[in-house]
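According to TrEMBL:
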| type | residues | note |
| --- | --- | --- |
| ACT_SITE | HIS121 | active site, pros-phosphohistidine intermediate |
| BINDING | LYS11, PHE59, ARG87, THR93, ARG104, ASN118 | ATP binding site |
| DOMAIN | 3-138 | domain 'Nucleoside diphosphate kinase-like' |
Amino acid sequence: MTTERTLVLIKPDGVARNLSGAILARIEAKGYSLVELKKIEATRELLEQHYEEHVGKPFYEPLVEFMLSGPVVAAIFEGHRVIEGFRSLAGTTDPTTAAPGTIRGDFGRDWGLKVQQNLVHGSDSTDSAEREIKIWFQ
Ligand code: DAT
Ligand code: MG
């Protein structure tokens with residue numbers, strides 16, 4: 001068994017709607033362990049590093065504005081296959097069609113804005129997890 005870590009963000013919509021506890025509880029209930037947790041205000045510079053793969057895309061600027069619109073909760077979770085396990089629990093990117101039972105499917109929907117307000121972020125590979133954990137927890 002290899003222990004793996006992932007970066008989870010509860011985005012400003014999740015924090016503003018007081019869903020942080022409910023979201024963290026689902027991750028713990030699935031069996032993953034909380035390693036680090038903090039509530040912070042992102043900065044443009046930090047988001048540019050975090051979302052470097054999306055710089056220049058049409059939704060990039062609205063995404064950054066959204067992520068700067070309020071505090072986020074950043075967490076490191078640990079467990080065997082936690083990266084894919086959390087992505088599965090989060091659901092697909094578009095919250096309108098994310099499967100019921102997932103965080104995005106149960107708590108989110110498209111609000112008709114230029115960016116998907118989909119409550120959570122989770123690293124998508126071991127390389128991005130390592131990179132993102134360094135960005136949010138120096
Ligand atoms: P995910 O968060 O599921 O890994 P991603 O990395 O492709 O998705 O995109 C990062 C975020 O950007 C995503 O959570 C919401 C927003 N986003 C992605 N694609 C979008 C699109 N086509 N229109 C609007 N927002 C989008
Ligand atoms: Mg992604």
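From the backbone N, Cα and C atoms, a Cβ is placed for every residue, glycine too.
Those TrEMBL annotations? Automatic predictions, nothing curated.
Checked against ligand 1, the binding-site residues LYS11, PHE59, ARG87 give PHE59 as the ones with a Cβ under 6 Å from it, listed in sequence order. Cα of THR93 (ATP binding site) to Cα of the residue listed as 'active site, pros-phosphohistidine intermediate': a distance of 9 Å.
For the pair formed by ARG87 (ATP binding site) and the residue listed as 'active site, pros-phosphohistidine intermediate', distance between Cα atoms is given as 8 Å, rounded to the nearest Å. For HIS121 (active site, pros-phosphohistidine intermediate), the nearest neighbour among the binding-site residues LYS11, PHE59, ARG104, judged by Cα separation, is LYS11.
Secondary structure of the domain 'Nucleoside diphosphate kinase-like' (3-138) per DSSP (helix as H, G, I; strand as E, B; remaining residues coil): 59 helix, 26 strand, 51 coil. Between the listed recorded positions, namely LYS11, ARG87, ARG104, HIS121, the fewest other CB atoms within 10 angstroms of a CB are found at ARG87. Binding-site extent for ATP: residues LYS11, PHE59, ARG87, THR93, ARG104, ASN118, maximum pairwise Cα distance 21 Å (rounded to the nearest whole number).
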